[in-house]
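Peer 1: To start, I am sharing the structure in question, which I have written as structure tokens.
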Amino acid sequence: MTTATAPTSGVPVGPGLSMFDPIFVGIDEFGQPVYITLAYRNLLAGGEPGGGKSGLLNCIAAHAALSVDSRLVLLDGKLVELGQWEDCADAFIGPDITEALTVLRRLQVVMNNRYAWLRAHGRRKLTAADNLSVITVLVDEIAFYSATVGSKQEQEEFVALLRDLVARGRAAGIPVVAATQRPSFDIIPTSLRDLFGYRAAFRCTTPNSSNIVLGHGWAEQGYTATDIQPTNQGAAYLIAEGGVPRRIKVAYLTDNQIAGIADYATWIRRPATGNRTEWEIAA
Amino acid sequence: MSKSSPRRPFGRNTGTVTVIEAKVHRSSARNARLAFILTAVIVGLLSAVVAASSMHPILALFIGALIGALSGGLAWVLVRIWPVLRLLWWWTTEIGITIVLGAAWVQLANHTPLPVTLVVVALVVGVPAAVPVTRRALVAWTWCLVVRHRLRVCFAQFIIANQSGSLPLILWATPTPVGERVWVYLRPGLSMADLEGRLDRIAVACHAATALVERASDGNAAYLRFDIKRREVLTATVGSPLVDVIDPATPATDRAMPVVPTALDLPDVDAPVITLPVQKKPATTANGSKPGASSSSSDADDVSDWI
């Protein structure tokens with residue numbers, strides 16, 4: 001497991017995790033731990049309400065919060081799913097599409113600057129040695145921003161900005177993790193949905209819904225999230241490394257555990273939030 | 001074979017169990033004849049050539065014919081009894097286990113008095129059955145044996161492979177936490193796509209919940225792996241190791257008290273006054289009917305889901 005020993009002397013340093021490390025998300029059917037490396041990948045989670053999508057998002061947020069080279073941008077239409085990470089996040093957007101658009105535009109500028117920086121150095125992608133932070137963008141309920149709130153133009157701009165981040169953010173260290181109940185074409189355009197490399201399908205009601213999340217044809221091959229019991233929250237099919245869906249159980253963090261990790265993450269970031277350090281400016 | 005030949009002993013009306021299907025039997029006879037001729041000719045000629053170096057060529061020819069006929073006969077017998085050999089091979093594990101257990105029982109019974117025999121048997125059977133770990137392992141391995149036979153039944157009964165009816169090679173099986181994993185080597189005539197369409201029936205035949213099939217090798221499409229699932233294991237809550245990373249003595253963050261909303265129930269919230277923009281009446285066509293369009297939005301899945 002990619003865990004380091006916790007500092008016991010109370011020195012405000014990070015526990016040594018990095019966003020380039022594999023992120024522990026749960027166990028598979030063989031009892032083996034499942035890791036995903038998110039630094040160069042985007043993840044889309046889908047499934048019916050109460051399936052465990054937020055558990056996965058919180059798992060990733062916890063790792064990102066405890067990583068020294070990480071920044072969190074959280075978009076949560078429900079406020080409560082990712083709300084506990086607000087203090088250690090660089091941006092926390094509630095049900096306000098104007099703010100969401102603002103932060104996405106900022107991210108787009110950062111991404112463009114990073115690509116210019118990479119080009120100036122004759123490189124093609126960011127690595128852990130660059131001392132640049134990985135800006136993890138977590139979006140819970142895309143549908144809220146892309147189909148519910150705001151005007152038509154704002155929704156379209158949100159989708160366009162998000163698509164740009166998903167399409168180009170990978171090598172610039174801006175991975176996007178998005179969750180929605182059913183990512184059909186009326187919620188997010190298929191052109192955006194198909195860009196996500198990693199997929200997690202929590203319980204779905206129809207094989208068609210499962211196919212929409214995992215990709216066309218998996219249900220016919222026997223990988224359908226309809227066979228997950230409704231009572232088995234957190235069980236999902238995950239397509240990540242390997243390319244074949246794996247049945248996993250997502251690690252669950254209780255509210256108290258999240259609060260503890262968030263407090264700790266906020267605390268280790270204290271100097272960074274007080275006076276802007278070198279790497280923060282670089283980011 | 002003449003048409004007036006009597007029914008074969010394996011025929012349906014003779015009351016005996018059909019071990020070899022009639023079609024297979026016929027092709028087996030033809031194959032055996034072919035094997036006899038080929039082996040006899042090749043081995044006979046080679047033997048004659050070798051023998052000719054040390055004796056008269058005509059004598060060598062006779063010797064070659066004799067050796068060829070003997071080898072051909074051996075090949076003929078092998079091909080004829082091949083279906084039975086194959087059957088024995090399929091059940092090798094079971095036959096082996098039965099022989100070992102039977103021999104052990106006989107040896108034990110011959111060398112120890114009855115009470116001791118019974119005690120030993122009770123211990124040998126009872127202890128693994130009583131200890132949960134060994135019991136589960138035994139049951140799991142037994143399922144592995146069962147599943148290999150069930151898969152063979154699947155292939156023989158409803159997965160039509162090729163004209164000669166050759167079955168895939170069902171290789172080894174290992175228990176997994178959810179069921180069993182069986183490796184299979186397909187013969188010409190089958191592909192993974194053929195099997196994917198029959199996974200539900202395979203699951204039924206294996207007395208399992210679901211079955212999955214995937215490639216076991218990147219370089220060989222014939223080498224497959226079946227995952228037979230009969231248990232749901234992912235039911236327990238999984239904890240995150242990150243919880244152990246943090247220092248529990250971390251001071252809680254001072255948060256500014258957010259504004260707590262008050263209107264938390266329906267009567268507390270008034271109906272919002274919405275001034276709708278003046279809308280134009282929808283244009284009607286000459287016959288008074290509303291124009292079509294804008295009625296196509298339905299919740300049902302449609303083909304544009306996939307575009």
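Backbone N, Cα and C define each Cβ position, glycine as well.
Keep in mind that this is a model prediction, so the values were computed, not measured.
As annotated in TrEMBL:
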type    : residues                                               : note
BINDING : A:G47, A:E48, A:P49, A:G50, A:G51, A:G52, A:K53, A:S54 : ATP binding site
DOMAIN  : A:31-211                                               : domain 'FtsK'
Peer 1: By a simple count of other Cβ atoms within 10 Å, which of A:G47, A:G50, the binding-site residues in the record, is least packed?
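Peer 2: Taking A:G47, A:G50 as the binding-site residues, the minimal 10 Å Cβ count falls on A:G50.
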Peer 1: Once A:G47, A:E48, A:P49, A:G50, A:G51, A:G52, A:K53, A:S54 are set aside, which residues in the chain still have Cβ within 8 Å of the Cβ centroid of the ATP site?
Peer 2: A:Q181, A:F202, A:R203, A:Q233
Peer 1: Same chain only, sequence gap of 6 or more: which residues have a CB within under 8 Å of the CB of A:G51 (ATP binding site)?
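Peer 2: For A:G51 (ATP binding site), the qualifying residues are A:F202, A:R203, A:I228, A:Q233, A:G234, A:A236.
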Peer 1: Within its own chain, what residues at least 6 apart in sequence put their Cβ under 8 Å from the Cβ of A:K53 (ATP binding site), listed in sequence order?
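Peer 2: Expected: A:A45, A:G46, A:G47, A:D140, A:A179, A:Q181, A:A200, A:F202.
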Peer 1: Count the other Cβ atoms sitting within 10 Å of the Cβ of A:S54 (ATP binding site), across every protein chain shown.
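Peer 2: By my count, 23.
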Peer 1: For the binding-site residues A:P49, A:G52, which Cβ has the most other Cβ atoms within 10 Å, all shown protein chains included?
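Peer 2: Selected residue: A:G52.
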Peer 1: My list of binding-site residues is A:G47, A:P49, A:G50, A:G51, A:G52, A:K53; which of them have a Cβ under 8 Å from any chain B Cβ, in sequence order?
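Peer 2: Filtering A:G47, A:P49, A:G50, A:G51, A:G52, A:K53 for a Cβ under 8 Å from chain B leaves none.
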Peer 1: Average the per-residue pLDDT over the domain 'FtsK' (A:31-211) and send me the rounded value.
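Peer 2: The predicted confidence over the domain 'FtsK' (A:31-211), as a mean pLDDT, is 89.
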Peer 1: List the same-chain residues at least 6 positions away in sequence whose Cβ sits under 8 Å from the Cβ of A:E48 (ATP binding site), in sequence order, or say none.
Peer 2: A:Q181, A:R182, A:F202, A:R203, A:C204, A:T205, A:S209
